[in-house]
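Here the structure is laid out as structure tokens; the discussion comes afterwards.
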Amino acid sequence: MKYEIITPLLTSIQDDGDIDIDGTLNLVEYVIDGGVDGILPLGSAGEFTAFTFEQKRKFLTEIIKKVDKRIKVLAGTTSLVPQETVDLSNEVLKCGADGVVILPQFYFGLSDDEAYEYFSYMAENIDGDIYIYNYPARTGYNISIDVVLKLIEKYPNIVGLKDTIAETGHTQELISKARLIRDDFRVYSGFDNQFSANIAAGGSGCISGFSNIRPKLWADWVKAANDNNLDEIHKYQKIINRMMDIYAIQTNFSNVCKNVLKREGMKINTKCMLPYDKITEDEIDRAFEILKDSEKING
């Protein structure tokens, strides 16, 4: 199975809070030119909670048209209204999305039985490929491996999972057990520095944020992995490890990355969803210091 980097796409936002489609399309072209394997618009990095159903529908449709099958589009379609998730998923799949990425219900909490019921409903009502999104630090619920195994045994259209979790052992165990049921089931890690651990366990790669700002670096790392170039894999791991400090600059990682891209010359709005819209020049400078340090790593 070929390893991949999927970019969880940032969303350029207008001053009035609507989506800046043109600005985001500039980013789409940038990451495609950089060599990524796919994009995930309207995930966490894309600030999906900031937008209405109609805003998301219009935006995703435009993104799918622009990409035009050059790379994968895995559309984030999560809503706290289950029928909205189903309706948006079916619409974007009909438009040509390669799959949809869905979080479990959150706020009220979930039992394992409720998580199974929820994703069963999604699988039975969505006409296309579904990727489960596990992000317990944000949802308050860690999807149990047993629930995932039951789901993929029953529903062939649940084709993969994004595991954004600090404990790499969870991802490794999931990969190992899922492959006993479905050898085509794809498991991606959600943190950039977990790529090496993911592929060593037999996973598919990463859906992680630094590929927005350094897509070529990420594409080169994936190429090294697919070529089994251990020296290069190790080198890029050290570079990414240094870059991870960027995540600590602000609660909203997207704000930092938009400002990095803007300062580097991209035509993208740096506005973020309320109340995560503030950033100082010192914070942006800090991001560039980290990037500069990472570029000094040669092996």
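Each residue, glycine too, has its Cβ placed from N, Cα and C.
Because the structure is a prediction, the values reported are computed rather than measured.
The following features are taken from TrEMBL:
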ACT_SITE  TYR133  active site, proton donor/acceptor
ACT_SITE  LYS162  active site, schiff-base intermediate with substrate
BINDING   ILE207  pyruvate binding site
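Projection of TrEMBL feature records onto the structure.
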{"residue": "TYR133", "record": "active site, proton donor/acceptor", "CB count, 10 Å": "27"}
{"residue": "LYS162", "record": "active site, schiff-base intermediate with substrate", "CB count, 10 Å": "29"}
{"residue": "ILE207", "record": "pyruvate binding site", "CB count, 10 Å": "31"}
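Between the residue listed as 'pyruvate binding site' and the residue listed as 'active site, proton donor/acceptor', the C-alpha separation comes to 10 Å. TYR133 (active site, proton donor/acceptor) and the residue listed as 'active site, schiff-base intermediate with substrate' are 5 Å apart (CA-CA, integer value).
In three-state terms derived from DSSP, the residue listed as 'active site, proton donor/acceptor' belongs to an extended strand segment.
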